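The structure appears right after this line, and notes come after that.
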Amino acid sequence: MSTETVYQLNPLFRLQWEEAQQCYVLLYPEGMVQLGASSAEILKCIDGEKSVQMIADDLSAKFDDDSVAGDVIEFFDVAAKQGWLNANT
Amino acid sequence: MQTPERAGPPLWLLAELTYSCPLQCPYCSNPLDMADHKTELTTEEWIKVLRDARKMGATQLGFSGGEPLVRKDLEILIAEARSLGYYTNLITSGVGMDEARVKAFREAGLDHIQVSFQASSEELNNFLCGSDSFQHKLEMARQVKAQGYPMVLNFVLHRHNIDDVAAILELSKALEADYVELATTQYYGWAKHNQNNLMPTREQVKSAEAIAHQYQKDLEGQMRILYVVPDYFEDRPKPCMNGWGSIFLTIAPDGTALPCHSARIIPGLELPNVKQQSVDWIWHESPDFKKFRGFEWMKEPCRSCDEKEKDFGGCRCQALMLTGDASNTDPVCDKSPQHDALLAQVAEIEAQQVTEQPLVFRNMRESKKLSRQTN
Ligand code: SF4
Ligand code: SF4
């Protein structure tokens, strides 16, 4: 994965806040992943326009913490392998 | 931790809209006495169930049956489900659908359609479901994909089609399926009745598994293959329903609320109905849903077993059918005192090469006949 890649959420998945569970979830055919706060924060930034690097920089600035960028990039790697994301081509 | 007194939300709601079905699969998990339970909830009653369960936190919704397409109000129910925020799955044989209806479902907000096939060949498919449906199913699978849904195919495996796993996966590949579920028959309802005729041999299971694993490797990232191992050949049971009354809530066509779709067979249940009770009361207060929730109800060897949080002691219906007591350890577990008896039974079925008794097809006529025999 390159940090210049622009992703969008795989259209087969839906990101949604669940009041009863008090967390964001990713929904897909007959399944659901409960997301931690930071994963949800990252997924919400994915808009099909910003690159991985841009999102990593944005979130580092937002939380005023340089170590965030690395975590974000790592998350993209995992999320892409899980099939949650599609790369824009 | 789940206790009988404290339960999380019913995250998974299965709405069995009807027991009607144009097909007659001999492995159907619907109850044998379905002809005695033909009344169905109205549209308004279903909508109330959807709203109440959603309020409690239900997120995944399955429309199944029978054949849910038989319900003329399916589009209305889908639209309601979508507006409530459910992720909505339609579990269907594809018979009763056409291009226009697939499109109408899409517009109503349906998220996913799972099409079940009986086999990879037209002849066997049509024989097993008792109808000339194969070509239509192919067409519907293609429509599902063409209209932007994930294509999820489901094949129930048994003695008569398990040797065709490679052909089944080739067909799925040709259809460009996203997910394929290969589920070995679970022996509930009609499948239990036809068990001697459906259970594959250990050898068949082994080679099917090897082929499925090979395809999983070869098609990684392209097509996901879920291979559900037949648990009669295992030494640990499946974590049935993820624990009784833990996340699954099934509503039968007549409004009966069940912790699992086959629970009706367990004696002593009160079978609460959404027509009389609220979904909230049923889930949190009804004796049925508390009966095997958590770990308090367990007997030995489960009670003191360190794996109980992994498999919850297995399946209650299976424990009942195989040991006569639903609160026993599922005999699939090799710690169960009845495990050897199960192995002997499996061996006996395996030894019957040719099937002496014919398959009994699932339909209302046979259901009535069977009810008469037992009453
Ligand atoms: S398993 Fe076959 S007979 Fe039973 S509901 Fe499904 S399609 Fe109909
Ligand atoms: S004894 Fe019961 S809890 Fe332990 S592994 Fe077997 S079925 Fe599971």
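Cβ coordinates come from backbone N, Cα and C, glycine included.
Copied over from TrEMBL, here are the features:
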BINDING   B:Cys21, B:Cys25, B:Cys28  [4Fe-4S] cluster binding site
DOMAIN    B:7-224  domain 'Radical SAM core'
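Over all protein chains present, the Cβ of B:Cys28 ([4Fe-4S] cluster binding site) has 26 other Cβ atoms lying within 10 Å. Mapped onto three states, the DSSP output places B:Cys28 ([4Fe-4S] cluster binding site) in coil. In this view, B:Cys21 ([4Fe-4S] cluster binding site) is surrounded by 24 other Cβ atoms within 10 Å of its Cβ, with every protein chain counted. Secondary structure at B:Cys21 ([4Fe-4S] cluster binding site), taken from DSSP and collapsed to helix, strand or coil, is coil. In this model, the domain 'Radical SAM core' (B:7-224) carries an average pLDDT of 88. For B:Cys25 ([4Fe-4S] cluster binding site), the same-chain residues lying six or more positions away in sequence with a CB closer than 8 A to its CB are B:Gln118, B:Leu128, B:Cys129, B:Gly130, B:Val156, B:Trp190, B:Phe361, B:Arg362. Within 8 Å of the Cβ centroid of the [4Fe-4S] cluster site, not counting the listed residues B:Cys21, B:Cys25, B:Cys28, the chain contributes B:Leu23, B:Gln24, B:Tyr27, B:Asn30, B:Gly66, B:Glu67, B:Ser93, B:Cys129, B:Trp190, B:Arg362.
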